[in-house]
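Notes follow once the structure below has been shown.
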Amino acid sequence: QDEEKWDFVLVSDIHEVGSEKEIKRKKFLDELSKKGFTIKKIEDEKLFYGVHAPKHIFRKYQWLLRNPDSRLRDPSAHHDIPVTTRIRIVNFILKNTVTPDLEKLRDLMKKKVFETMFPLHEKEEVREFLEEKWARWRDIFCQQPIEKIRCYFGEKVALYFAWLGWYTYLLGFAAVVGLVVFVAGITVFNSSQVSKEICEANNTIMCPLCDQKCPFWLLSDTCTYSRVTHMIDNEGTVLFAMFMAIWATVFLELWKRQRATVVTNWDLYGWDEDEEELAMELINNLQHEPRRYQHSYLRSTIVLLLVLVMIAVLIGITHALVIYRVIATAIFTQSDFEFLREQANTVAVMTGAVLHYLTIVIMTKINRRVALFLCDLEKPRTFSQRENNFTIKIFIFQFFTNFSSLIYIAFFLGRINGHPGNYVRIAGKWRLEECHPSGCITDLFIQMAIIMMLKQTISNLMEYLVPWIAHRIRNRQKCPKKRHVVLGEEEEAEDPCKKQWLNNYQLNEVNIFSLFDEFLEMVIQYSFTTIFVAAFPLAPLLAFCNNLFEIRLDAIKMMQLHRRMVPRKANDIGIWLQVLEAIGILAVIGNGLVIAITSNFIPVQVYKYTYSPCMTENSTAVDCLTGYINHSLSVFHVQDFEPYMKLAEKLPDFVKDEIREYRDYRNADDYSYTVQFWHVFAARLAFLILFEHVALCIKLIAAWYVPDVPQSVKNHLLDGKHSNLWKEL
């Protein structure tokens, strides 16, 4: 019965007898036979070779990596080796078996000698349990059976799901707080003095928003938008940004504790990856020499320069998107459609965001190629080192791909475009875009909402539908034709393995990056949830809902649509932890900058405590923000417009006097900055420094307050060491 358990299946096309491919295939299979492997051949439209490893390989493995205490009791006892370990060892040996022509399996696959290799989804109790209790939509709120996932997919996958579950669980708290802040904003925003003043400004005439025939407009036109802006841009958001900075730290600290507990239960707390790899190398080939550690400064410098070039390219793409928006706005304002003319700016921002999403999709593929190329340049020593190098590079590239456009909107938009009569222009022709009339934070809110919605809906649909449809199509093609049995002929018995192997072969292929992609997607989502959360308090809620589906979606994909993953041993989530910690620090900086620079929080506070009627006239009867809007506008003389500023032919009736207004702190005579501008500027800097230092201090205190490893785990390890030494004595 044990012989019928096939560890791996190799698939190959049917080659002509005596052809080069057939000879290479035979040489490889002979090498496996020499190592004691049992090989079974089944012929269909392709050739399938089932591979079963001999017992002695696993005994060597157990002996080399035995626990020091187990050999004291009974050196000859052989415990059954878990299936996941079997598959892992066989996979390693298959990949590192060298033919007499010095070719490995990878080279043979490149030359199309073999098509693919995969471990089988077995009919085990564990699998049935997982399909019943885990890979079902109806279990969406249930806890995941991490122990069982480990028994079927190995530690690395189990740790991914443990991390994802923990992240989602804690996101629930952040989502509730975000929702409360948002609802508070909605209830408060009607009563805000600033919105009231904007809505009543029927005679405040503003400068045109573009060069070509744009009308002058009344400040009161932006009444609704200013209310929406105040919904996001209020005191509650500042506290929420603080809260999210602390949340990010607490989440990571609690995850470290969770991970320590889980890994201790698996007896992997002190597991050493190098030792594991050396043991496998020696089992495969006794003459193996370990690869030495090496470091070349020249190589590191080249890689660093290439990474910087790539980042410059990604920033260049953002510039292209900016130029697109500028030119699109100019074209839309001259359009024949009235709707496009009036909403030119919003349409440009919306189409810009969709374009940005498309660049994210395309650049993700290019980034991966570049990161792989850079990894090959570095010549990493082991697979895990290669994976770490790759992770850091692709994360940096993806970060710039996803966020450079948001960074521009948050911190540069509307700050570098000059003032009426002296606008900054692209190629001396197109005027740089301005913020939305109601403030820059609205633009950031729109962009965040569109990208998060698109990423979470389209990307998830694609992630599930593509494998599902591919699987369906393959199954259609393979419907077995019923054989007509001629009377008197014995029908040959169908091999029980054949059906199982074919079913596994028809599933979607998995590669080394299958799990990596899931992690990357979640870490980018984590960045969206923390870095610009001050502009989009609903981000945690969207992420929370998405993750509830993501867990089950990944589960169904792994169990039903994909071939079985090769299990990998691990005792933590690897370099991703450092990446998450870096995002936590970026989140503090990002939110500090959004509140200090993008939002109107600081100018409002400066006015309230310096220039408001409460301060100057000591009158407490009026709202302290009365007069803020007039204070934040500057005066402009229409005759000072640049010569190629085409004003609308029919000027409205209210253009009698020659004075218009725009948002900035400038003098009326020579348009230089006023004292108030520098006052607000100093307050912004002071707030930024204060916010970041306070938030980072709180993060450090939280990290110190919550120990990484629970006491129970430490005591468990202590007892283990004590009992081992006691036995030795």
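Going from the start of the chain as shown, residues are counted 1 onward.
Even glycines carry a Cβ here, placed using N, Cα and C.
In TrEMBL, the feature transmembrane segment is placed on 390-413, out of the ranges 390-413, 438-461.
Transmembrane segment is the annotation TrEMBL gives to one range among 193-219, 301-327, and that range is 301-327. The transmembrane segment (236-255) makes no contact with the transmembrane segment (301-327): fewer than 3 of their CB pairs lie within 8 A, with pairs spaced 6 or more apart in sequence. Of the recorded ranges 301-327, 347-364, 523-549, 573-597, the transmembrane segment (390-413) has the largest number of C-beta contacts under 8 angstroms with 301-327. Against the transmembrane segment (157-186), stretch 523-549 shows more Cβ pairs under 8 Å than any other of 347-364, 523-549, 573-597.
Along the domain 'Anoctamin dimerisation' (84-146), the predicted structure has mean pLDDT 87.
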